[in-house]
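*Asks:* Attaching a single structure in structure tokens format; questions to follow.
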2 protein chains.
Amino acid sequence: MTARTPIKHLAAQQDGPITVSGWVDTVRDQKKVQFVVLRDESGAVQLVNPAVRELDETDAASAGRLAITETISGLSQGSFITVTGELKHDERVKLGGIEVKIGTLEVITHAIAETPIAEDSSIDKRLDWRFLDLRRPEQNLIFRVQTTFLHALRTWWVEHDFIEIQTPKLMASASESRAELFEVEYFEGKAYLAQSPQFFKQMAQPAGFGKVFEVAPAFRADPSFTSRHATEFTSIDAEMSWVDSHEDVMRMHEELLVAGLTAVKQKHGAEIEALFGLEVTVPTTPFPRIPLAEAKRIVAERGYEVPRADDDMDPEGERRIAAYVKEEFGHEFVFLTDYASSIRPFYHMRHEGDPGLTNSYDLIFNGVEISTGAQREHRIDVLEAQAREKGLDPEELGFYLDFFRYGVPPHGGFGMGLQRVIMLLLHQPSIREVTYLFRGPNRLTP
Amino acid sequence: MTARTPIKHLAAQQDGPITVSGWVDTVRDQKKVQFVVLRDESGAVQLVNPAVRELDETDAASAGRLAITETISGLSQGSFITVTGELKHDERVKLGGIEVKIGTLEVITHAIAETPIAEDSSIDKRLDWRFLDLRRPEQNLIFRVQTTFLHALRTWWVEHDFIEIQTPKLMASASESRAELFEVEYFEGKAYLAQSPQFFKQMAQPAGFGKVFEVAPAFRADPSFTSRHATEFTSIDAEMSWVDSHEDVMRMHEELLVAGLTAVKQKHGAEIEALFGLEVTVPTTPFPRIPLAEAKRIVAERGYEVPRADDDMDPEGERRIAAYVKEEFGHEFVFLTDYASSIRPFYHMRHEGDPGLTNSYDLIFNGVEISTGAQREHRIDVLEAQAREKGLDPEELGFYLDFFRYGVPPHGGFGMGLQRVIMLLLHQPSIREVTYLFRGPNRLTP
């Protein structure tokens, strides 16, 4: 490995010789002195070089200094370089109170001088050049936050004896809706891309796995262009046996989010405040829970009639109920519970004594839905009846229904969109900003 | 949640009242006493019930006891039940020295009495009923081992400042070979499933991410039916900046495997020994390294001429060099290094001064290849020349080649098949045994 010091560690080092590597952020090429801001994955530092513009034959070092000066004058933004030099703490230096006086400078790769994107480029243009867009400190932080968040979730699951599963993304039939299914040429036949791991994570229950989780891609042939939709996204899923109702799922879900957000605040809280002007709030438990019917009454009382013919909420209603919860309880999260059976999939368990309602919830975070959870129907006769009632073909569902014929414990779980969580946590305007490489109806590159 | 005690915790509990839940493994219905072996995700325990075959009107409890006896007589294997009763330690009980005397018994779901698979069912038949096959303790252990292994890898990466990325699985063009590409109907056009995250994890290098990892599905339209191939598998990938050569990648790779296997041995060593008769060996570092040409000489000297026209090794050669390494160094792993450029992809860096060889390696574990790693070519002119030499279309590779035009650090990484590692670790005959739901040319279900 190149023997370099990550830039974030420089401040803690004593003055003296140092090697740093990274890319050129800016060059200020003044007559007497040159400044280079160098950036790596951990931060930025100012490099300084006293310019030598002419060969001085009385000074043996002059030729070398002249060469370095000329190299710096020709440095294009984005070029990767390695510099050895002298670290010096100096309070007058705005950028972190340190600078490095350049001793040697090696250009590793020259960048084309014209950068195709600028600060004010459109999101679409930035996505065309995503690998350059990702160099921005905000973008780098987004993915470090995501790393920390996911690792905290997985650690919580592992400590609570969950088993990690990798469910197949190639399926012989639909997992949810026929409408948004991608079709794959599969040798002589057809396959479909999994819209969610729903059926397969449920399979872990009759398999006796007890509690399972998965973080993996999911695919939706959804032609919409909103800030919340993508054709490929990262689905965070958990499913566990022996729940009494969706309440048990919500309790697991909120503990998990507390673990994730605690880790993010601890590790990145200061940086998030510096770069996004945001304070990360670790939510208190229990999160507020509001039955959907009540939520609709509340927003109606506050002047908003949800313009839908079915029993569902709409995005504006979700924003409004979230605003209400924020005002009333100072909470960024709210579980909307007990959705009508008419707008939920056949596999959601219905209320005992009121088949019009389900043991289900949506989780709203800062005004946007990030997750759906539920207790599942595990009684095969009820499940088959509910599938038939929804107009599904029990023949095609055969492999799934079989899971329930050989013994299965009561169970429930949730699916949550990773990119939505990160978008809402960091108050980003679109999942495009927090997806490594966004995929939409007309975006498949780079 | 059902207030149950996981079976593995019973042995440490004192005699007294207890609730357990799980599925019926076996029933021994004797005239005077009934035995049920109950299994959950953590273990198995014997339940015992003194049979009451007739109503005794002088005994108030008799009706209840008779009902329980009849329920047990009718219990089918696989049914899920919850039992409250009295835990009793008794050395004479073979199964863990404990038993539970049944107080109440509730059948949660009845299983169909005829189980479609048996101990001697073929692997194909077992895969048809994978959710039942997974109930075997060996299968359950495989996935707990996998969970521990992956978590240890990710923890190592997170502790070493790697960023987790989620690269897209939908691509506009091939990442590796056109031959094994799955085609997807994508709105009005076509997309392809990623065969590996290769191009996209490399993109993180010019993006300034420094070090990245990903664990995600990869897809190969490979028509082969060997024990090592699947059309969908879990690819473990890492890529890092500022490597001097593939040696730096190997060093990271071996440290990572030591972390993974140490965690597996600690958490599951005793169980692996009990169920698979195997001792997990934590490998010493450095792993042996043998240049491929030398490896071929060694197996030739030991009587095996690799029957290939190109410079590559074949599976039998890999087994033989692994046997040699085991004999000579007592090591289960070996890095074969310096593969010929002719058999490596265009993006592998070639030796300085010998363009016939690459800065690359394969990692062999217990005789089978589990991984390929390399330093990548980051110099755009060399990379373009190598692509052209391999007959690739620079036009189609345009988006990838762009990554190298705006500055990029030297970098390298590896891709490793999760299922192969687990198969070889637990001495399983096929990846079908260690894949949650195997996908092959003629298997898409369940």
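For all residues, glycine too, the Cβ spot is worked out from N, Cα and C.
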*Asks:* Which one of B:198-201, B:206-209, B:278-281 shows up in TrEMBL as region 'Aspartate'?
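*Replies:* My reading of TrEMBL: the region 'Aspartate' range is B:198-201.
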*Asks:* For the ATP site, TrEMBL lists B:Gly417, B:Leu418, B:Gln419, B:Arg420; sort out which one of B:Glu328, B:Glu332, B:Glu352, B:Glu369 goes with them.
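*Replies:* As annotated by TrEMBL, B:Gly417, B:Leu418, B:Gln419, B:Arg420 share the ATP site with B:Glu369, chosen from B:Glu328, B:Glu332, B:Glu352, B:Glu369.
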*Asks:* Which has the fewest other Cβ atoms within 10 Å: B:Arg220, B:Arg420, the binding-site residues listed?
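*Replies:* The binding-site residues B:Arg220, B:Arg420 were compared, and B:Arg220 has the fewest Cβ atoms within 10 Å.
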*Asks:* For the ATP binding residues given in the record (B:Glu369, B:Gly417, B:Leu418, B:Gln419, B:Arg420), what is the largest pairwise C-alpha separation in angstrom?
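*Replies:* So the maximum pairwise Cα distance among the ATP binders is 12 Å.
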*Asks:* Quick one: give me the count of other CB atoms within 10 A of the CB of B:Gln419 (ATP binding site).
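*Replies:* Result for B:Gln419 (ATP binding site): 25 neighbouring Cβ atoms inside 10 Å.
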*Asks:* Could you say whether, by DSSP, B:Arg220 (L-aspartate binding site) belongs to a helix, a strand or a coil region?
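*Replies:* For B:Arg220 (L-aspartate binding site) - judged by DSSP and reduced to three states - the answer is coil.
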*Asks:* Have a look at the binding-site residues B:Arg220, B:Thr372, B:Arg376 and say which one has the shortest Cα distance to B:Gly417 (ATP binding site).
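*Replies:* Checked the binding-site residues B:Arg220, B:Thr372, B:Arg376; minimum Cα distance to B:Gly417 (ATP binding site) goes to B:Thr372.
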*Asks:* For the domain 'Aminoacyl-transfer RNA synthetases class-II family profile' (B:143-446), what's the model's average pLDDT?
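*Replies:* Looking only at the domain 'Aminoacyl-transfer RNA synthetases class-II family profile' (B:143-446), pLDDT averages out to 96.
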*Asks:* Counting only residues 6+ away in sequence within the same chain, which have a CB under 8 Å from the CB of B:Leu418 (ATP binding site)?
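*Replies:* Same-chain residues close to B:Leu418 (ATP binding site) (Cβ under 8 Å, separated by 6 or more) are B:Gln146, B:Leu150, B:Val215, B:Phe233, B:Thr234, B:Ser235, B:Ile236.
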*Asks:* Can you list, in sequence order, the residues of the same chain other than B:Glu369, B:Gly417, B:Leu418, B:Gln419, B:Arg420 whose CB lies within 8 Å of the CB centroid of the ATP site?
*Replies:* B:Arg228, B:Phe233, B:Thr234, B:Ile370, B:Ser371, B:Met416, B:Val421, B:Ile422, B:Met423, B:Leu424, B:Ile431
*Asks:* For B:Leu418 (ATP binding site), what is the secondary structure by DSSP, using just helix, strand and coil?
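*Replies:* DSSP call for B:Leu418 (ATP binding site): helix.
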